[in-house]
Amino acid sequence: MMNSTQFTSFMLAGYSDSGHLRYLYFIIITVLYVSIVFVNTVLIVVICMERSHHEPMYLFLCSLFVNDLYGSTGLFPALMTHLVSDDHTVSTVCCYLQIFVLYTYGSIEFSNLAVMSYDRYLAICSPLQYNVIMTPSKVCILICVIWLYSFVKFTIQLSLTIRLRLCGNVIDKVYCDNYLVVKLACSTSDTTVNNIYGLCGIVMTVAVPLITIVFSYIKILTICLKSSIETRQKAFRTCTPHLASLLNFSFGCLLNLLQSRFEKSMRNVPTVLHTILSVYYLMCQPLLNPIVYGVRMAKIRQACKNILSVGMYT
């Protein structure tokens, strides 16, 4: 049996010696994070302040923007600190906290997008029953279920990881990753429960929302094919931001999954590109969501203009 040690910290080996370029990376990351915080906060305020936006679609969007703030805050401050520091160690408590935030962020994001696809299905395919089915109270319950389910599910998964005896503390990424921590376990037999629960978690987190998304869009496509050109155009305008967000997030998650599972194949990839691919879904999604929804949705765009114009003249 390999020797196990009670580690008090982890070493993030994803950081390379980039010399003075690290200050350029720090500036880029800082600007990106400030932009994410600003645009998401503005849209959250707009939705909360405008009573006309207290509709199901906008409430789901508000949940999405809050989650983007939550997830980006779990990554960016730590990333910015490590970029300008020569010490790339992180305490076990902070590491597990980051794992919890990033994994729950991913679960909430995908579940929220799935519920939004169902909301679009009801609005397009059953417009007369929409207000009866999607009441504000039901929307709030759905949002609470999404967040609580993700928190409870990953609390169990993280507790299974924390109990493991580790024979190493080097994580080959720029942030803490649950899969890589589990790989540090001294015995593969100790990780059996983790693997089984993780597999079930993937099914619940990915398969169930994916079924909802596919079902919703098949129904929407069926209705559009039977409807007038005007109806098709309206459906297209309504669904385009959601599809853009969904495809971008799915692409980012797929990149991250492939990197984690095929480490040997990724060793020939330049370090900077490797890092960008690993954080893509955490960096681009929180910035893309407010942009595509803010630009494509007239009500939000107009409300932003009103608030900014009021601010300029006060």
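The count begins at 1 with the first shown residue.
Backbone N, Cα and C define each Cβ position, glycine as well.
Copied from TrEMBL, the annotated features are:
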type     : residues : note
TRANSMEM : 23-46    : transmembrane segment
DOMAIN   : 39-293   : domain 'G-protein coupled receptors family 1 profile'
TRANSMEM : 58-76    : transmembrane segment
TRANSMEM : 96-118   : transmembrane segment
TRANSMEM : 139-156  : transmembrane segment
TRANSMEM : 196-218  : transmembrane segment
TRANSMEM : 239-258  : transmembrane segment
TRANSMEM : 278-295  : transmembrane segment
Intrachain residues whose Cβ lies under 8 Å of the transmembrane segment (96-118), provided they are six or more past its termini
57, 60-61, 63-64, 67-68, 70-71, 73-75, 78, 90, 142-143, 146-147, 149-151, 153-155, 157-158, 161-162, 175-178, 181, 205-206, 208-210, 212-213, 216-217, 242, 245-246, 249, 253, 281-282, 285
Can you tell me which parts of the same chain pack against the transmembrane segment (139-156), counting only residues 6+ beyond its ends and a CB-CB cutoff under 8 A?
56, 59-60, 63, 100, 103-104, 107-108, 111-112, 115, 197, 201, 204-205
On average, what pLDDT score does this prediction assign to the domain 'G-protein coupled receptors family 1 profile' (39-293)?
86
